[in-house]
Amino acid sequence: MARIDRFNSRVARSPVGRWFRLEGSGAKAERAGSKFTVELRAGLTVFVAMAYIISTNALIITDSGGPCDCDRGEFGPTCDGDPAYARCLQGVKLDLVTATCAISCIACVLMGLLANLPIALAPGMGLNAYFAYTVVGFHGTGKVSYANALAAVCIEGLIFFALSVVGLRQWFARMIPAALKSATATGIGMYLAFIGLQSSAGIGLITASPSTLVELGGCPPEFRNKENVCESHRMQGGPTWLGVMGLVVIGVLMLYRVRGAVLAGILLVAAISWPRPTAVTYFPHTPAGDEAFAFFKKVATFHPIKDTLARYHWDLSSGEFWIALITFLYVDILDCTGTMFSMAKFGGFMDEEAQDFEGSSVAFLVDSAAITIGSVFGSSPVTAFIESGAGIAEGGRTGLTAVTTGLMFFVALFFAPIFASFPPWATGPALIVVGSMMMQNVAQVNWRYLGDALPAFVTIIMIPFGYSIGYGLIAGIGTYTAVNSFVFVLARLSRGRIVPPNFDERDDWVAFVTRGSLRDNLPAWARWLADRRRSRAAARAPSHAELDQIAVDPSRPPPLPKHE
């Protein structure tokens, strides 16, 4: 321990420590509690929690058909039965594995280096499904081609970049009431836990139900139908119980503040799940299991992007194209904004008075640039990932966490068979634990005043139930606007006589938003230019003594302008 502490102290005093403002670096505004080895461990934890994205994102986007095509008159609308089409899809899947690793690496490293935030970015899991199944359609059966959809993603990134440069994204984030920001963090915690309980990215304890939508599951995969409904053997699935064991292990280790508790739990469950044949193996003796095990045994491989690189088609005349672009815009801006603010709040980077976090302007710029770069590789929009909370829970406080995650995605370019083979019941317990930790934000909601409490509650429940951070924020903002606009109008019409009994207990949103000057809502670069212009104007202005002399002797010519 002493040797590690000395090593952390030496790194903190180095240029690396000063750049990331590690504790003990002597830099301005050090990040309290940040240590080099802790940041590395946190970044590795985030990567392991996000490793499922490598294969899942590739599989989802491949379902769109990518640039592949066939004679649909002969083989039907989905090209089933065409061997050339199947071979093309296999190549596209490998392209997208590389693309996912590459864009995640670039985005995470830029976020860490430039914004100094422990927030990881990768292709968004909800947006990729919308991209593949709604915009392009399964195997290209939609109204927008794959290449045209990539053009929409590219334009979205450019629009976001422009909005971030002028400060509109930051201004929009500032306009969100404080109660909804706390509610969003709480809702994301529930969302994470809900994902961790499911079978697609969790332990499989909760499965689909034809009557109640969800129900207690826990059955082995072979006893679930295509709709993911347990037909029998509930709570008899080995992977579910192994996931429960992982949850207990992580919880006990964190209770005793063991370093690397989350990562240790994930690796333990994964290691138990890799051997075959066992009741908890990730590679059962099925065609899909055999294919996954054959890929796993490769250990190291690299596939260059061939078919999806810069496959743009700039047809802007389609109405469906603009619908897709607008949907990408509003869902991504709310999703990313909600995630970034929630992670900043969870990590303690939030300025509660300004309702903003350090590095927000650069973070939004990095996010928008990553969206455009990702489209070049052939991927759907990139966004901030809520799995970043696993790294923050592990002690990540600086951009070193994100840089480490990015470097691990670079390693995954060559070791994708290993990192794409972490079973969901290994990472699910980590998501549940992080979700429980994010629930503490619910205490910061103003529950005394219903005008704040009701919109916050709607936001909290709609994020997991609507399965979207963006839609949850839309529901909360809509409820907040409707309820409080009625109160505001009635108070104005009655000249303040008709107001709720506890009106004084509300969070005064109007006073908060109008606090300060226009300068306070500008991005950092614009504030710097404004300050520089003001200082130059002050340097050229006549002094008080010169103004007094002019007042005494009006015939005296005014002083010449001063030069710097």
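Keep in mind that glycine also has a Cβ here, set from the backbone N, Cα and C atoms.
TrEMBL annotations: computationally assigned, not manually curated.
The following features are taken from TrEMBL:
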- 96-121: transmembrane segment (TRANSMEM)
- 146-168: transmembrane segment (TRANSMEM)
- 188-208: transmembrane segment (TRANSMEM)
- 241-258: transmembrane segment (TRANSMEM)
- 321-342: transmembrane segment (TRANSMEM)
- 362-386: transmembrane segment (TRANSMEM)
- 398-419: transmembrane segment (TRANSMEM)
- 449-467: transmembrane segment (TRANSMEM)
- 540-564: region 'Disordered' (REGION)
- 555-564: compositional bias 'Pro residues' (COMPBIAS)
Subject >> Residue numbers, six or more beyond the limits of the transmembrane segment (449-467), whose CB comes under 8 Å of its CB atoms >> reply: 126, 177, 179-180, 182-184, 186-188, 190-191, 193-194, 442, 473, 475-477, 479-480, 483-484, 487, 500, 502-503, 505-507
Original post:
So which of 96-121, 146-168, 241-258, 321-342, 398-419 is most in touch with the transmembrane segment (188-208), counting Cβ pairs under 8 Å?
Top reply: 241-258
Subject >> Contact yes or no, the transmembrane segment (362-386) and the transmembrane segment (398-419), 3+ Cβ pairs under 8 Å, gap 6+ >> reply: no
**OP:** Report, as numbers and ranges, which residues of the same chain sit near the transmembrane segment (146-168): CB under 8 Å and 6 or more residues beyond its ends.
**Re:** 64-67, 131, 135-136, 140, 311-316, 318, 321, 324-325, 328-329, 332-333, 361, 364-365, 367-376, 378-381, 521-523, 525-526
